[in-house]
Amino acid sequence: ALYITEECTYCGACEPECPTNAISAGSEIYVIDAAGCTECVGFADAPACAAVCPAECIVQG
């Protein structure tokens, strides 16, 4: 699964991109539910959230 680092700017770009709704707003940064994250396998060639993240803070867990 992927996770979001502390460099997250809380912009919200990632949340609507997740096909499994595994991303939600945490208290200070967005968070990825590891149980729900498929890294977009079966949905896209690469993780959609990481592709749109302007801070490049969505990384491999």
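Each residue, glycine too, has its Cβ placed from N, Cα and C.
Residues or ranges marked as [4Fe-4S] cluster 1 binding site by Swiss-Prot on the basis of similarity to another entry: CYS8, CYS11, CYS14, CYS53. Within the same chain, residues at least 6 positions away in sequence whose Cβ sits under 8 Å from that of CYS14 ([4Fe-4S] cluster 1 binding site) are ILE4, ILE23, TYR30, CYS49, ALA50, VAL52, CYS53, ILE58.
Taking Cβ-Cβ distances under 8 Å and a sequence gap of 6 or more within the same chain, the neighbours of CYS37 ([4Fe-4S] cluster 2 binding site) are ALA1, LEU2, CYS18, THR20, ALA22. Taken from Swiss-Prot, the feature [4Fe-4S] cluster 2 binding site covers CYS18, CYS37, CYS40, CYS49, and the record attributes it to similarity to another entry.
Taking Cβ pairs closer than 8 Å, the domain '4Fe-4S ferredoxin-type' (2-28) reaches residues 34-40, 43-44, 47-61 in its own chain, all 6 or more past its ends. Residues or ranges marked as domain '4Fe-4S ferredoxin-type' in Swiss-Prot: 2-28.
Each residue contributes its Cα atom, and for CYS40 ([4Fe-4S] cluster 2 binding site) and CYS8 ([4Fe-4S] cluster 1 binding site) these two points are 20 Å apart.
Per DSSP, the secondary structure of the domain '4Fe-4S ferredoxin-type' (2-28) breaks down as 3 helix, 6 strand, 18 coil.
Under a cutoff of 8 A between CB atoms, and with a sequence separation of 6+ in the same chain, the neighbours of CYS8 ([4Fe-4S] cluster 1 binding site) are GLU28, ILE29, TYR30, ALA55, CYS57. Sequence-distant contacts (6 or more apart, same chain, Cβ under 8 Å) of CYS11 ([4Fe-4S] cluster 1 binding site) comprise PRO54, ALA55. Neighbours of the [4Fe-4S] cluster 1 site: apart from CYS8, CYS11, CYS14, CYS53, residues of the same chain with C-beta atoms within 8 angstroms of the site's C-beta centroid are ILE4, THR9, TYR10, GLY12, ALA13, TYR30, CYS49, VAL52, PRO54, ALA55, CYS57, ILE58.
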